[in-house]
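Asks: Quick one: structure below, then a few questions.
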Amino acid sequence: MTSIHVQVPATTANIGAGFDCLGAALSLHNQFQFRLAGESEPFFSLELVGADVETQKLEATADNLLYRAFAKVFATLGQPVPHVNIAIDLKVPLSRGLGSSATAIVGGLVGANALAGSPLSQREIMNLAIEMEGHPDNVVPALLGGCQLSVKHQQDWVICPWVWHENVVPVVAIPDFELSTEEARAVLPQQYARAQAIFNASRLGLLPHGLAQNNPEYLTAALDDQIHQPYRKNLIKGYDPVQQAAIAAGAYGMVISGAGPTLLALAAPENAPKVATAMQTAWEGIGVKAIAHVLEIDQQGTVIL
């Protein structure tokens, strides 16, 4: 095998109270075509499919996250890293809180593993992905699909899939400005009050029942948080009016997707289009260009096409 085509979904992490441990895969995808190159060709070259402002930021260097993940597999196997050409079709925007880095990590690992003859198990790939990302909430659902809770137990990970009812519809509103994960983490406190821990524990306990049962009362109460969102919302211009617009249009609630600035609302199918329009309009009303999507939960995760 000299080429492989990999598709990886976007992800939304945290979903309110599940900070750094909960995430879900979304029906928005990046695709990566890996082709082994000859020794006379560059060690790494990029082809950008449908090149736009986002893809112009990517460079074919050894520091490229996609290439680092690709090389990680061969280093793990104790093999030389082959020269490779990678064509990227980018649909997940960069630095927006939709797991773009997770798509690169998982895509690079899965592509390299396939080209090496698939010696690594899915679990081994998952562990490498978590090691590279530093936390599991994006890479685990990006690899496995669905909604996944990741719990570190001793030296291993316990992965618990959550049922997500098909009538709980994710709506994402993506502004045209970026917010780095590093900046979003820098505003978080080092310590929290006991009441804040109890608040989040109760919401995280309620959330899976709301998602599985399509229970509006549970979802409305569960989509709240005191660990990260109160601190990060001030980094996102328009957070309050967008939230108010989403709720007024019928959303159960709204949360920051990952580190932001994308905002995620959950709604009933009949309300989801109205919620999307309301969120986008609210942002545009304060001078922020934005685009909103009514999506689904991607249950497949990463696939080889």
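The backbone N, Cα and C atoms fix where each Cβ goes, and this holds for glycine too.
Residues annotated as ATP binding site in Swiss-Prot: Pro93, Leu94, Ser95, Arg96, Gly97, Leu98, Gly99, Ser100, Ser101, Ala102, Thr103.
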Asks: Counting every protein chain present, what is the number of Cβ atoms, excluding its own, within 10 Å of the Cβ of Gly97 (ATP binding site)?
Replies: 29
Asks: Per DSSP, Ser95 (ATP binding site) is which: helix, strand or coil?
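Replies: Going by the DSSP assignment, Ser95 (ATP binding site) belongs to neither helix nor strand, so it counts as coil.
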Asks: What residue among the binding-site residues Ser95, Ser101, Thr103 has the most other CB atoms lying within 10 A of its CB?
Replies: Thr103
Asks: For the recorded ATP site formed by Pro93, Leu94, Ser95, Arg96, Gly97, Leu98, Gly99, Ser100, Ser101, Ala102, Thr103, name the remaining residues of the chain with Cβ within 8 Å of the site's Cβ center, in chain order.
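Replies: Those within range, site residues removed, are Ala10, Val92, Gly258.
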Asks: How many neighbouring Cβ atoms, not counting its own, are there within 10 Å of the Cβ of Pro93 (ATP binding site)?
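Replies: Neighbour count, Cβ to Cβ under the 10 Å cut-off: 20.
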Asks: Can you check which residues sit near Gly99 (ATP binding site), meaning Cβ under 8 Å from its Cβ, same chain, 6 or more apart in sequence, and list them in order?
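Replies: Residues satisfying the criterion: Ala10, Thr11, Thr12, Ala13, Gly23, Val92, Asn138, Val139, Ala142, Gly258.
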